[in-house]
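Remarks on the structure that follows.
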């Protein structure tokens with residue numbers, strides 16, 4: 001980390017609000033087109049990558065490397081017969097897909113793509129809009145997007161859709177809290193809720209002296225606030241509604257969840273919403289934790305111009321695609337969790353851990369502001385964390401060994417060759433009928 | 001997906017009116033592998049009652065047996081459980097041979113044992129792939145199909161069939177083993193043994209998979225005995241019963257030192273999955289032993305010449321075999337005709353699936369999928 005960053009032209013809140021109307025329109029159009037194209041490419045990339053992971057080629061017929069497959073599928077899907085089942089609530093049924101897709105797109109408007117560039121003689125930041133509370137917009141939009149899923153489930157008048165809608169509302173609500181909490185530490189460190197300024201705040205690590213040497217703390221919040229980053233990754237998967245958290249549409253259970261009854265263009269809207277959401281969540285994570293559009297460290301080390309002009313767009317896209325690949329990779333690798341396990345993870349793990357972490361961060365922050373030595377606190381905290389890990393590890397071992405002792409009893413009794421002829425045991429008690437088979441606390445007994 | 005909603009009895013009279021929802025899973029639901037239908041009553045997402053409704057695929061196999069001669073019956077008998085075709089053929093020919101008092105050539109006995117074990121591997125690989133799919137992991141099935149292809153290739157080479165082998169004949173096998181085939185079997189077995197490790201590593205240790213399956217759908221020893229559950233499902237609950245060991249047929253009597261009966265005691269979905277996984281290894285060991293023995297055996301016939309008209313003497317017998325999915329039995333009653341007077345089929349899945357009505361209540365809908373998948377059934381085997 002050296003002084004080369006000074007050359008980079010970062011945007012601040014002051015950079016906004018001076019654009020002529022056509023630049024704003026242009027940016028909005030670019031964001032929209034970018035999202036649609038990204039969806040097409042993501043769908044294609046997902047199918048190709050998962051194909052490779054599953055020992056098969058994936059789509060490779062339409063266009064070079066099958067890249068047009070997603071486009072053709074989209075066109076085909078949109079042109080299919082639009083079936084509206086009898087008995088649905090028509091207005092809500094029509095409104096739901098729009099309500100799902102639109103907010104996902106709106107969120108992207110506060111994501112910075114790059115620093116200040118010159119378009120047609122105007123100096124303008126590569127970002128559609130920024131507000132002093134910009135980060136709250138994606139959170140708000142995610143909440144509105146849930147209405148799309150819930151209403152789709154409700155208006156379909158089908159049990160599968162209803163259960164899917166209920167699940168998705170519960171899931172998004174519980175993960176949103178943890179997601180919001182994971183941002184708090186970032187706000188505490190950057191001192192702002194504006195996305196462009198959060199990116200700017202990650203440009204330089206603060207310097208501190210250890211044994212006579214000047215060291216810089218890492219500038220990305222992903223490193224500096226690792227717990228927040230990890231929590232965000234979990235909530236990101238929860239919010240996106242994809243494997244391992246794709247319960248609202250778990251096909252084994254609920255056929256297709258809230259969009260079971262949808263077809264044609266309306267179904268494509270949900271599809272679109274899912275992938276746009278994925279991109280938005282990746283972009284948000286890039287912005288808040290991975291230094292946004294700024295070039296990663298080893299590049300800035302030898303190339304001082306990496307953060308100027310249009311180059312940041314490249315770094316931004318690379319970072320987004322890393323997350324997209326991560327999403328795809330998870331989908332190929334993991335099974336689906338159960339609904340109550342998901343809830344348990346959200347409420348009993350992510351939220352308490354977030355709260356504890358925020359408390360810790362703010363204490364350290366406050367002490368440092370008053371120029372106290374935070375070294376001992378760090379050490380104590382580290383010891384506590386290690387102790388907790390050991391305790392949880394031991395707990396795991398103990399509870400696992402508790403489950404063991406039943407094993408011995410099963411082997412005994414009965415001679416399977418009684419009378420030289422294999423017989424099932426004759427002492428079987430009489431069939432005791434249906435109804436007593438209530439599995440003892442199945443859901444509670446299995447751990448999350 | 002037809003659905004019905006039943007308003008709860010006494011709605012409004014209680015302090016809070018709630019409504020139980022009746023949900024039909026199937027007959028065309030993605031997780032029922034065919035046309036099993038489950039009518040479940042839900043309280044929220046918790047199942048309060050479940051009833052398997054079967055018969056959508058009933059093809060009258062037993063009645064059809066009665067108007068086929070014994071050679072034709074083999075064709076029919078390998079249809080009901082399309083994943084254990086060879087093992088199902090076996091029961092019929094064993095019953096007929098026993099009634100005829102026929103001595104089957106040694107090489108045929110060993111080759112049958114080998115093919116039965118390969119068939120078991122094929123069957124288990126199918127479920128090892130499809131079960132993770134049910135709980136949301138989409139990749140393992142492609143790994144399992146890669147391994148299936150290895151085995152299927154040797155099965156296809158010998159019989160021409162990939163699913164319905166039709167390779168058993170009364171008195172032996174259809175044809176001599178092709179030259180060099182045993183070597184290819186050894187290669188395939190080695191490849192599968194290696195490849196199953198991938199599925200093992202991908203799924204067995206996965207935290208999410210364990211959380212979904214451990215302690216879920218516990219089947220007790222009592223329930224197993226009540227409902228006549230058999231096969232890997234029963235053995236996963238500690239019911240240590242395997243006909244290959246307890247009433248050896250074919251060459252299993254001489255394979256006792258190789259034969260390893262895989263059991264678990266937990267009786268949950270995970271135990272059932274692990275049973276299947278380990279049983280693949282056990283079957284591959286058996287296949288290796290069979291190949292070694294077949295290589296040693298002196299050349300000789302692989303079948304017996306049959307008369308033009310095959311009549312089975314009057315009498316009755318019950319031939320049961322340890323099919324991949326459980327006990328498969330044929331009760332053959334002959335009146336000395338060309339066709340059986342009655343051929344009762346006891347199929348494994350039919351019994352295994354009945355226990356669902358006791359297992360499911362109290363679980364969540366998501367558990368139902370995990371449980372249903374772990375009951376390893378073939379709908380044709382249920383509906384016959």
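Placed from the backbone N, Cα and C atoms, the Cβ positions cover glycine too.
Note: TrEMBL annotation is automatic and uncurated.
Taken from TrEMBL, the feature region 'Disordered' applies to A:405-448.
Summarising the annotation, TrEMBL assigns transmembrane segment to A:20-45 (among others). Long-range contacts of the transmembrane segment (A:20-45) within the same chain, counting only residues at least 6 positions beyond its ends with a Cβ under 8 Å from a Cβ of the stretch, are 59, 66-67, 69-71, 73-74, 105, 108-109, 119-120, 122, 124, 126-128, 272, 275-276, 278-279, 320, 324-325, 328.
Within its own chain, the transmembrane segment (A:91-111) has Cβ neighbours under 8 Å at 28, 31-32, 35, 84, 127-131, 134-135, 137-138, 141-142, 144-145, 147-149, 151-152, 154-156, 195, 262, 266-267, 269-270, 272-273, 276-277, 279-280, 283-284, 287, counting only residues six or more beyond its boundaries. Annotated transmembrane segment per TrEMBL: A:91-111 (among others), in sequence order.
Feature annotation from TrEMBL assigns transmembrane segment to A:131-154 (among others).
Look at TrEMBL and you will find A:175-199 (among others) tagged as transmembrane segment.
For the transmembrane segment (A:219-237), the list of distant contacts is 1, 175-176, 178-179, 181-186, 189-190, 202-205, 244-245, 281-282, 285, 288-291, 297, 327, 330, 345-346, 350, 353-354, 357, 361: same-chain residues at least six beyond its ends, Cβ to Cβ under 8 Å. Sequence annotations record features per position, and here TrEMBL assigns transmembrane segment to A:219-237 (among others).
Under the heading transmembrane segment, TrEMBL lists A:275-293 (among others).
A Cβ distance under 8 Å defines the sequence-distant neighbours of the transmembrane segment (A:313-333), meaning residues of its chain 6+ beyond its ends; these are 38, 42, 45-46, 49-50, 53-54, 112-114, 126, 237, 240, 242-244, 278-279, 281-283, 285-286, 290, 292-296, 299, 306. According to TrEMBL, the transmembrane segment annotation covers A:313-333 (among others).
Residues or ranges marked as transmembrane segment in TrEMBL: A:345-368 (among others). Within the chain carrying the transmembrane segment (A:345-368), a Cβ under 8 angstroms from the stretch's Cβ atoms is held by residues 171, 174-175, 177-178, 181-182, 184-185, 188-189, 225, 227-228, 231, 234-235, 238, 337, 374, 377-378, 381, 448, all 6 or more beyond its ends.
Nonlocal intrachain contacts for the transmembrane segment (A:374-395), taken as residues 6+ away from its ends with a CB within less than 8 angstroms of a stretch CB, comprise 360, 363-364, 367-368. Look at TrEMBL and you will find A:374-395 (among others) tagged as transmembrane segment.
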Long-range Cβ neighbours of the transmembrane segment (A:131-154) (under 8 Å; 6 or more residues past either end): 13, 89, 92-93, 95-101, 103-104, 106-107, 109-110, 161-166, 168-169, 172-173, 176, 179-180, 183, 187, 192-196, 198, 239, 248, 257-259, 262, 270, 273, 277, 280, 284, 288
